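S.K.: Take a look at this one; I'll ask things after.
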Amino acid sequence: WIAFPFFIMYAIAVLGNITLLLVIKTDPSLHEPMYLFLAMLAFTDLVLSTSTLPKMLAIFWMGSGKIGFVSCLVQLFFIHTFSSVESGVLMAMALDRYVAICRPLSHSSIFSETVVVTLGTMVLIRGVLLVTPTCFLLHRLPFCQHHIISHSYCEHMAVVKLSCGDTRVNAIYGLFVALLVAGSDTFLITVSYTLILREVMKSPTEARRKAFSTCVSHICVILAFYVPALFTFLTHRFGQSIPPHIHIMVANLYLLIPPTLNPVIYGVRTKKIRYRVLLLL
């Protein structure tokens, strides 16, 4: 029965993010930086949720609890690469909001379509370059103990803990990647929204309300991604006292809540997208 809520959330994520991509692609008036970043976020969410949910549902409903080692590494690669991409896109969206609110006259020149595509490409390349060594480091490890992963998908540290060899390099590199990606992105996001808040407080009441409304959407999305991600990351390393079922449940929701919430939040709160979706329906 626990798979039914996951299935419903996955259906919402797939339907919502595909709708966002179709609306943004077919409407030239939405080919602006904020909406292009939103399209990148929707595509990333589709990859993240589809990398985990079909296998998770197969485990729950068909008892298909086996996965080949190479398939496990492929799943791990997509999960961690696109988690890094999602973090990078959220950071880029925060920078875009900073320029749009604090430097509106320069926004079109700073965030041209070429710059947006370049930023998206760099974020993707960053994820691929940082996660690829993780797969090679895992491939060299000996696995002579039990082969039961304490998750419903191949998470890096969960797989590392199965090895009977020296895993210090894997653990150190995984920590380095997590701190590099999350640390740099959250720092830039925090700085951007601090400067936005300072600028907004100087604005007239109506402009302040509109800016707050826009920023609240972004902050909700950011919290929905980073809070469960941080909990999962810390629990693997320091949370031995946390019950395994809670850790597994949060780890599952970490890859499902953002893809489910993002299209709902942006579809409801963004007037232009809401209008286009209603026309589409």
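Just so it is clear, glycine is given a Cβ too, placed from its N, Cα and C backbone atoms.
Look at TrEMBL and you will find 16-266 tagged as domain 'G-protein coupled receptors family 1 profile'. The feature transmembrane segment is assigned by TrEMBL to 6-24, 36-61, 67-95, 171-196, 216-234, 246-268.
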S.K.: Might you confirm whether the transmembrane segment (6-24) is in contact with the transmembrane segment (246-268), defined here as three or more C-beta pairs under 8 A between residues 6 or more apart in sequence?
M.R.: yes
S.K.: Please work out the mean pLDDT for the residues of the domain 'G-protein coupled receptors family 1 profile' (16-266).
M.R.: 86
